[in-house]
Amino acid sequence: MDTVRIAAVGAGVVGLSTAACISKLVPRCSVTVISDQFTPETTSDVAAGMLIPPVYADTPIHKQKQWFKETFDHLFAIANSAEAEDAGVLLVSGIPTEEVPFWADVVLGFRKMTEDELKKFPQHVFGQAFTTLKCEGPAYLPWLEKRLKGSGGLILTRRVEDLWELHPSFDIVVNCSGLGSRQLAGDPKIFPVRGQVLKVQAPWVKHFIRDGSGLTYIYPGISNVTLGGTRQKGDWNLSPDAEISKGILSRCCALEPSLHGACDIREKVGLRPTRPGVRLEKELLAQGSRRLPVVHHYGHGSGGIAMHWGTALEAARLVSECAQALRTPAPKSKL
Amino acid sequence: MRVVVIGAGVIGLSTALCIHERYHSVLQSLDVKVYAERFTPLTNTDVAAGLWQPYLSEPSNPQEAHWNQQTFNYLLSHLGSPNAADMGLAPVSGYNLFHEAVPDPYWKDVVLGFRKLTPRELDMFPDYSYGWFNTSLILEGRKYLQWLTERLTERGVKFLLRKVESFEEVARGGADVIINCTGVWAGALQPDPLLQPGRGQIIKVDAPWLKHFIITHDPERGIYKSPYIIPGIQAVTLGGIFQLGNWSETNNIQDHNTIWEGCCRLEPTLKVIHNYGHGGYGLTIHWGCALEVAKIFGKILEERKLLRMPPSHL
């Protein structure tokens, strides 16, 4: 087998970054990203993109930390280069709360605030301060697409109803379809956690602020500030709710009163593709005599951007293993 | 009681406000006027980036340290207000960078969260080997002057565009007390050999992804002669020029290049849009000084037995 033909289903941050990693890591392959939704219509475009990881119940902590660190290092290099603005990556400092999380030493300058400091900034009465990165979908996704095309990757607009549609045009399928996997992979474990946010103009806000639970947050970005949020399990509704918007604005103004002066308020909704853990594994689909190697790479929940590069590197390794197996003549390939 | 404040930069306007707030209700009548040749947006204050940060070494007059702190605390007290942004006020964090270890500054406990930089943070700045991180405040000159002007106008303070040639002329015009806030041009009203211009030039750019200030230090060259980057509400200020004795108010090409090269080296993500200007110092210390002047004014009133009751401590 000469060129291994790989299809990546899904063009959010996970689909595009996986395609980019495969391009780099898998020898003699062609990569095609196939999706019915592209930026700026994906879930990744709605997310604030803060590098603050979630916790995956079913994934060992050391693995989560590795994925987060790899993503952080990858974006940190971009943030310090001339590409930062094009790629939509910036450094932000702020004040959230929580006990010391597993990722405290991955972000920069993590420390607890002293009693004195807490007294001084009474409305920001939280425990810790650190500096992390923000990676913005509307810029980052086009940047990834450009890189992918530059290395010979293709992009196809098409709604895939069944992974078998990709056989035999493609040799390996990487499934990065997020919530689409309910249908494409028949996975009942993946469900939406609806998030509504407001994108507003408030350029004087230079710090991010989060409350204890992370439900209420203020994330300043390149050209707007994201105010949030909600966590509505099992809610598939993509239309913004006016009452919820009022609630978000009110909660955020309580944390940061100057937001009363925010203007040009836009409502957005994203459905976080949530699962007890990221599904990152190979599966060999079989139908009669047909075989289709699939690498599943979905279910990042609220951690899509925070974990994308680390998980994409691992997905690319799994694809490489599949490609290797296809190239090795054997009586029965053991995938 | 007729008070004339000469000068409409941050010092003049804040002094006028401070006095009016404290004495308006304790005097039978208080008439405050501001005379100036330049009003916002043409003052030095309008050009300043507006970061609260004193010089690194302790001032020869220890009162200045106290006034700096009073100013910080006064601004801090306005942070919780919905109108903070209207004032041009916002918290901001950032980096002070050095080529070698230096002692902590005397104001380290005034700002929030002062700490040394970690090795990974220093990796972002390969030309520097030591530094601080802290959270401070931005008070944008232009916005603040607009805000002060509104507050003063509400209080009935009048503004007059006038070139004042002498204190006598103002006194003859009917002023009981004159407050001289003429800044770098004070020498024209009364010679002061200690007063010099410290010419600054800046470049304002549109770089909204920059959320931190970055100030570098080169002890051999002196303060503000090393590149600095200070994000404001709408634009980012790039600087690094401080020329004692230079009165020129026009942009200089060499200075522009010095700033641009220095700042791009410091922050490779920069991309230029437009605009030049010149620079100064004063927002860091203004409120403490205004309070001091108000105290002096109070003494004058006492001497002249004009106070009905002691002034309120606002």
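Using the three backbone atoms N, Cα and C, a Cβ is placed for every residue, glycine included.
Annotation comment: TrEMBL describes A:6-318 as domain 'FAD dependent oxidoreductase'.
Taking a C-beta cut-off of under 8 angstroms and a sequence separation of 6 or more, A:SER44 (FAD binding site) has the following same-chain neighbours: A:GLY12, A:VAL13, A:VAL14, A:GLY137, A:TYR140, A:LEU141, A:GLY304, A:ILE305. Annotation source TrEMBL lists FAD binding site at A:THR43, A:SER44, A:VAL160.
The D-dopa binding site annotation in TrEMBL covers A:TYR217, A:ARG272. Secondary structure from DSSP puts A:ARG272 (D-dopa binding site) in a beta strand. Within 10 Å of the C-beta atom of A:ARG272 (D-dopa binding site) sit 25 other C-beta atoms, taking all shown protein chains into account.
A:THR43 (FAD binding site) counts 23 other C-beta atoms within 10 Å of its own C-beta, drawing on all protein chains shown. Other Cβ atoms within 10 Å of the Cβ of A:TYR217 (D-dopa binding site) number 24 in total over all chains. For the domain 'FAD dependent oxidoreductase' (A:6-318), the predicted model reports an average pLDDT of 93. Annotation for A:VAL160 (FAD binding site): spatial neighbours A:VAL9, A:ILE34, A:ASP36, A:LEU166, A:SER177, A:GLY180, A:LEU184, criterion Cβ-Cβ under 8 Å with sequence separation of six or more. Straight-line distance linking the Cα atoms of A:ARG272 (D-dopa binding site) and A:THR43 (FAD binding site), rounded to a whole number, equals 7 Å.
The two recorded residues A:TYR217 (D-dopa binding site) and A:THR43 (FAD binding site) have their Cα atoms spaced 18 Å from each other. Secondary structure at A:TYR217 (D-dopa binding site), as computed by DSSP, is strand.
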